[in-house]
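Annotated in TrEMBL:
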{"type": "BINDING", "residues": "Q167, C168, Q169, P292, F293, G294, G295, M296, E297, R595, M596, K597", "note": "peptide binding site"}
{"type": "BINDING", "residues": "H321, H325, E344", "note": "Zn(2+) binding site"}
{"type": "ACT_SITE", "residues": "E322", "note": "active site, proton acceptor"}
{"type": "ACT_SITE", "residues": "Y410", "note": "active site, proton donor"}
{"type": "DOMAIN", "residues": "493-639", "note": "domain 'Peptidase M1 leukotriene A4 hydrolase/aminopeptidase C-terminal'"}
Amino acid sequence: MYHLAKRFISMLFTVCVIVSLLALYQPARTMRLSPLDPSSYSNAQELIIRHVDLDWTVNFDKSTISGIATLHFKLTKKDLEEVFLDVSDLTVSSVAAKSTAGEVPLDWDIGGTIENIGSKLTIYLPTKTNDELTLVIAYETSPKASALQWLTPEQTFGKKHPYLFSQCQAIHARSILPCQDTPAVKFTYNATLHHPKEVTGLMSAIKVDSEPGVSKFQQKIPIPSYLLAIVVGALVSKPIGPISSVWAEQEQIDEAAEEFSQTADFIAKAEEICGPYVWERYDLLVMPPSFPFGGMENPCLTFVTPTLLAGDKSLATVVAHEIAHSWTGNLVTNRNFEHFWLNEGFTVFVEGKIVGRLSGNASRDFHALHGLSELSDCIKTQLADTPELTKLVVDLSECGPDDAFSTVPYIKGSTFLRYLEDLLGGPSKFEPFFRAYLDRFKYQSVLTNDFKQMLYEWFREDPNNEVLLERINWDLWLFGEGMPPVIPSYDRSMLEACLAHATLWAENDLDTIKNSPLVKQSLVSVQLIEFLAQLLERKKIVDLTAEKVALLGETYGFSTTKNAELRFRFVRLFIRARLIEKMDEILAFANSNFRMKFVRPVYKELGAWPQARPIAIENYNRVKDQMMTVCAYTVAKDLGISDVSA
């Protein structure tokens, strides 16, 4: 009997250990999470959020946002028993259903966490549902919410007040509110924002009322969750157009207003191409250096990196890109991020057209050719080990959108559209179709096949197009790996000068270079960027020594330039030349901003340099807390570090 009891106790202990381990188990990503979106738990095929009311309190002491989100749903399925929402590191305190009789508390639970995806919030509905449902959720964000960046006063220009900003794209809105965090769902929102009285609060909406410490906003046009945005800081504004102001800290406001003075012209040209601008305001906000992207097209308030402040407006076309998003992405949206090219490829296509209308077709084509250089660099470096992510339409069943993010949907997508435009009769034929596409699908979320079907419907009205349409190899364009299968016949006049300079420096020694008349020929800023890009593309650079790199910097002013695009490529030449004595300068650039376009290639290339790798990892660990989560995570992957805390 003793032995039976001992055996029973042993078995019970084993069971308890297994149960404890299961409780700690973090489920792996092995499948698509929902029918509409591989990266969202939400049952958006059964009910859809139509409107959100937010009452938020920003707490800088705790680095949290707390408050209530009231979600108004339209149901497409009768007698629904459960609601699935996306959450990430949220502390939910209560959930209730709102009715004419008051609020009815509901049962709910939060499932396990999948890395870079988050968790499923399941809400149980005890009574039969009809066409509409309103849920009231009280909650608080985590200090480590992936969508939020909290800066101390010392990390700002003014050094007096703290600063908060958000970045919800692609799937980080779930870390600041329980939601259907998929671009398949669009909603309007109202927000009341409580914040310290001495700072300003802004959101991706129109400010309708404010008093010290309280700001109220309204967004009347339906947006996907990734376009929800908030910023709180010591901000001032300056008008730069009829419907536009630029916001920044006081120390940067005049420089920013001058740099982005072309904004009204960009908007006017975009309207010529895409149709009326519907968002009422187009303001710009110059972000702190930790902002991980070049720009973010938050409606009514575009966020832009301070690395655009080049002093000569040479990088301001990023603003044209974000303005184009007002139609391609914000108005017509990809249904999930496997079809991200419908946002970004279309936007780069419109951006190029804006450049062409303002600066001529040669500039438009040079813009496109420069994009192809960046794409080639991306495929050879960032995506070298994941060729499946060089497809235009990717499979996100087993990875998150952040893992797949690259220039591929931007440049390969825009190249495909330019190929289609050239094939089907040029701008005079293609632009009316493009504008009709935007009009047909405005306020909606679409898949690639929606675009394809409308293209065939439109151009088949002319039977002469039938043969041309048959020539389009959709499978190769959408699912082929690597560079675009066809490169359009671009005007190469501006590019040829860049290539000539790159050839001079790649294939000759110092004496030949010094005596070449070519070095006396001037290049404009965008050509200098492309020249350096082409030089980095060369498999071999003759005598790539410290002396040659120094002469290059002196000849073209790379050593002293404010232009971040030039500095980015110049410090990569230090890495290419294995100039360990330049490590302080390399890291100074890497630490000056955390824009992923810049820091990821720098860290990836440092990681492949044995002598520099430990220095790069040490630097990363020292500064990673200043990065947004998405940046820290992807740089860690580029360095081959297993997790961000390494």
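Here the Cβ of each residue, glycine as well, is placed from N, Cα and C on the backbone.
In TrEMBL, annotation is done automatically, which means it is predicted and not curated.
Known features from TrEMBL, placed on the structure.
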{"residue": "Q167", "record": "peptide binding site", "Cβ contacts under 8 Å, 6 or more apart": "A147, Q149, A229, F291, P292, F293, M296, F303, M628, V630"}
{"residue": "G295", "record": "peptide binding site", "Cβ contacts under 8 Å, 6 or more apart": "T302, F303, V304, T305, L308, V318, V319, H321, E322"}
{"residue": "E297", "record": "peptide binding site", "Cβ contacts under 8 Å, 6 or more apart": "L227, E322, H325, S326, G329, N330, T347"}
{"residue": "E344", "record": "Zn(2+) binding site", "Cβ contacts under 8 Å, 6 or more apart": "G329, P409, Y410, G413"}
{"residue": "M596", "record": "peptide binding site", "Cβ contacts under 8 Å, 6 or more apart": "P292, F293, F405, V630, C631, T634, V635"}
Query raised in the report: Taking the center of the Cβ atoms of H321, H325, E344 at the recorded Zn(2+) site, which other residues in this chain have a Cβ no more than 8 Å from that point?
Result: G295, E297, E322, A324, T328, G329, N343, F346, T347, V348, V350, E351, Y410
Report summary line: Sequence-ordered list of residues in the chain of Q169 (peptide binding site) that lie 6 or more positions away and have a Cβ within less than 8 Å of its Cβ, or none, is Y226, L227, M296
Requested in this report: For each of the recorded positions (F293, Y410), count the other CB atoms lying within 10 A of its CB, then report the residue with the highest count.
Outcome: Y410
Report summary line: On the domain 'Peptidase M1 leukotriene A4 hydrolase/aminopeptidase C-terminal' (493-639), the mean of the pLDDT values is 96
Report task. Taking the Cβ of H321 (Zn(2+) binding site) as the centre, count every other Cβ atom within 10 Å, in any protein chain shown. Result -> 25
**Report entry** Cβ-Cβ neighbours of the residue listed as 'active site, proton acceptor' (radius 10 Å)
**Finding:** 26
Query - Packing count at H325 (Zn(2+) binding site) (other Cβ atoms within 10 Å of its Cβ) - result: 25
Report summary line: Secondary structure of the domain 'Peptidase M1 leukotriene A4 hydrolase/aminopeptidase C-terminal' (493-639) by DSSP, residue by residue, totals 111 helix, 0 strand, 36 coil
